[in-house]
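Written below as structure tokens is the structure these notes are about.
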Amino acid sequence: MASLKNKHFMIGLSLTFIVALFSFLAAKLPILDKVGALTIAILIAILYRHFRGYPEQYSSGITFSSKYLLRFAIILYGLKLNIFDIIGQGSKLLAIDVGVVIFSIVMMLFVNKLLHGDKNIALLLGVGTGVCGAAAIAAVAPIFKSREKDTAISIGIIALIGTIFSLIYTAIYAIFSMTTNVYGAWSGVSLHEIAHVVLAGGFGGSDALKIALLGKLGRVFLLIPLTIVLILIMRFRSSESSSKGRISIPYFLIGFVIMALVNTYVTIPSVLLNILNTISTICLLMAMVALGLNVAFKDLKNRALKPLMTIIITSICLSSLAFIVVHWLYS
């Protein structure tokens, strides 16, 4: 019996790995490189669920990917941060980053209320839009006690919209006259994922990409204080409503902070850093596959439309406002 359970666990884990690896490699191909590995992984998982059903007998391995590998990926995500670089970028860019995070969450909740959408998904999308997409959503989902299908829907939506917006940014840069500093800062402070920032920022050249990444990594850094604030708010609301539900601290975020400190104070060889970043990406993709397997098409039909409209409206407002502020400060 134990050997059978172990076999089912390994099959479930292998399923998420195979789809993740395929998505990782497929995202390097022309056209698909614009779609992104996250979007590919989630779409394949949802399609698998639709045509083959949820592989219940392999759920232990799938659940391991969606929980533990996801947390491990977020811990390694901290290696993308160098605190000295973020502090050294100056107060202007960091101040914009703070404004972007606050605006994204508040605007998302405001639009969601007008559309009578799901508040939990709106919160996840607000944090994801303001900070760093899928990783931020996965980090705060335990704080909000989000269901796995809501987390998967949110990540799928933000991966899709971020890809579309990054392509729109490149078109705008090609058509309109814009300095590399303005374009880079605009991309960095307003696009959803690091991959989207790289896609759009790289189109403006190395100088634009450099300032874009600084702007984006400043937002990633803000994940640390943001989660602390969210935990305090949720605990206050929980005690105020005399709820017995305890708001737990996502301790893997401590690992995220430790990795950020390690990358700041320790010189890690570039080869090792690239290997660790690849491992982080694969683990994150495996988690996305596992989350996607929890989403049925009826869930997308019933729960994704309003959040999709909400994030589009919010992203348009964010991009417009960010451009005005960046143009004013960097022109």
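Any Cβ shown, glycine's included, is placed from N, Cα and C.
Annotated in Swiss-Prot:
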TRANSMEM  9-26  transmembrane segment
TRANSMEM  31-48  transmembrane segment
TRANSMEM  69-88  transmembrane segment
TRANSMEM  93-115  transmembrane segment
TRANSMEM  122-144  transmembrane segment
TRANSMEM  154-176  transmembrane segment
TRANSMEM  183-202  transmembrane segment
TRANSMEM  217-234  transmembrane segment
TRANSMEM  247-269  transmembrane segment
TRANSMEM  273-295  transmembrane segment
TRANSMEM  308-330  transmembrane segment
Folded-back contacts onto the transmembrane segment (9-26), same chain, C-beta under 8 angstroms, at least six residues removed: 32, 37-38, 40-41, 44-45, 48, 55, 58-65, 69, 281-282, 285-290
Whether the transmembrane segment (217-234) meets the transmembrane segment (273-295): three or more C-beta pairs under 8 angstroms: no
Long-range environment of the transmembrane segment (183-202) - Cβ separation under 8 angstroms, sequence gap at least 6: 34, 36-38, 80, 93, 96-97, 100, 128-129, 132-134, 158-159, 161-163, 165-167, 169-170, 173, 208-220, 315, 318-319, 322-323, 326-327, 329-330
Positions whose Cβ lies under 8 angstroms from the transmembrane segment (122-144), at least six residues beyond its ends: 38, 70, 73-74, 77, 100-109, 111-112, 150-151, 154-155, 157-159, 162, 192-194, 196, 216, 219-220, 222-223, 226-227, 230-231, 234, 247-248, 250, 252-253, 256, 284, 287-288, 307, 310-311, 314-315, 318
Dominant neighbour of the transmembrane segment (69-88) in 31-48, 154-176, 247-269, 273-295, by Cβ pairs under 8 Å: 247-269
Same-chain residue ranges lying at least 6 outside the transmembrane segment (154-176) that approach it to Cβ under 8 Å: 34-36, 38-39, 42-43, 46, 121, 124-125, 128-129, 133-134, 137-138, 146, 183, 186-187, 191-193, 195-197, 199-200, 203-204, 288, 291-292, 295, 304, 307-308, 311-312, 315, 319
